[in-house]
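Enquirer: I have a structure here, written as structure tokens, and I will follow up with some questions on it.
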Amino acid sequence: MKLPKEGDFITIQSYKHDGRLHRTWRDTMVLKTTENAVIGVNDHTLVTEADGRRWVTREPAIVYFHKKYWFNIIAMIRDNGISYYCNLASPYVLDQEALKYIDYDLDVKVFADGEKKLLDVDEYEIHKKEMHYSPDIDYILKEHVKILVDWINNGKGPFSQSYVNIWYKRYLELRSR
């Protein structure tokens, strides 16, 4: 499949391990694609939940997806600084319809002051049993929590202020065309 280009809009679809559609983001603007990664931006983007509820994102957010890492990163640009929401998830696939991944419940939230919280551990344990996550998936996800925390602690990639600034500036340039 042909990769989307800078300025293109794509749909993002999050699934659960059992194949159910979990959440959809419509019209994410692509800022960069490589063989292994997609960087985009959501800004007042329509989100549809599995139960049909809809909402619109409140602030601009740089989104980062990678084909080798079992997480994706959302850098939310707020008045008090950058906050992050990181989903432990399968590496993405991209087809004609959307960028797609499996959401594995565990999330890491990083507040603007740098505080980190691991979220939804109970939900993960319940779904691990209900949806029969394999021991391999359990191991991979726990290892990728460690990798993610290392990225956070070392300001790697999306956790660097300059990274967010560069991609937000590029978004503003594209938006004003």
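The backbone N, Cα and C atoms fix where each Cβ goes, glycine too.
In case it's useful when we look at the structure, here is the feature table from Swiss-Prot:
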type     : residues                       : note
ACT_SITE : Arg23                          : active site, proton donor
BINDING  : Asn87, Asp103, Asp107          : Mg(2+) 1 binding site
BINDING  : Asp105, Asp107, Asp120, Glu123 : Mg(2+) 2 binding site
Enquirer: Among all chains shown, work out which of the binding-site residues Asp105, Asp107 has the most CB atoms within 10 A of its CB.
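Expert: Answer by Cβ density within 10 Å: Asp105.
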Enquirer: Roughly how many angstrom lie between the C-alpha atoms of Asp103 (Mg(2+) 1 binding site) and the residue listed as 'active site, proton donor'?
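Expert: Per the Cα atoms, Asp103 (Mg(2+) 1 binding site) and the residue listed as 'active site, proton donor' stand 9 Å apart.
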Enquirer: Counting every protein chain present, what is the number of Cβ atoms, excluding its own, within 10 Å of the Cβ of Asp120 (Mg(2+) 2 binding site)?
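Expert: That number is 18.
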Enquirer: Within 10 Å of the Cβ of Arg23 (active site, proton donor), how many other Cβ atoms can be counted across all chains shown?
Expert: 16
Enquirer: Just name the most isolated of the binding-site residues Asp103, Glu123, going by other Cβ atoms within 10 Å of its Cβ.
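Expert: Among the binding-site residues Asp103, Glu123, the sparsest Cβ neighbourhood within 10 Å belongs to Glu123.
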Enquirer: What same-chain residues, at least 6 away in sequence, bring their CB to under 8 Å of the CB of Asn87 (Mg(2+) 1 binding site)?
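Expert: Result: Ser14, Phe71, Asn72, Ile74, Tyr101, Asp103, Tyr104, Leu106, Asp107.
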Enquirer: Sorry to bug you, but what's the C-alpha spacing from the residue listed as 'active site, proton donor' to Glu123 (Mg(2+) 2 binding site), rounded to the closest Å?
Expert: 16
Enquirer: Calculate the distance in Å between the alpha carbons (Cα) of Asp105 (Mg(2+) 2 binding site) and Arg23 (active site, proton donor), and round it to a whole number.
Expert: 12
Enquirer: Check Asp120 (Mg(2+) 2 binding site) against DSSP and tell me helix, strand or coil, would you?
Expert: coil
Enquirer: Hey, for the Mg(2+) 1 site built from Asn87, Asp103, Asp107, who else sits with CB inside 8 A of the CB center?
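Expert: Not counting the recorded site residues, we get Ser14, Phe71, Asn72, Tyr85, Cys86, Leu88, Ala89, Tyr104, Asp105, Leu106, Asp120.
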Enquirer: For Asn87 (Mg(2+) 1 binding site), which of the three DSSP-derived states applies: helix, strand, or coil?
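Expert: In three-state terms, Asn87 (Mg(2+) 1 binding site) counts as strand.
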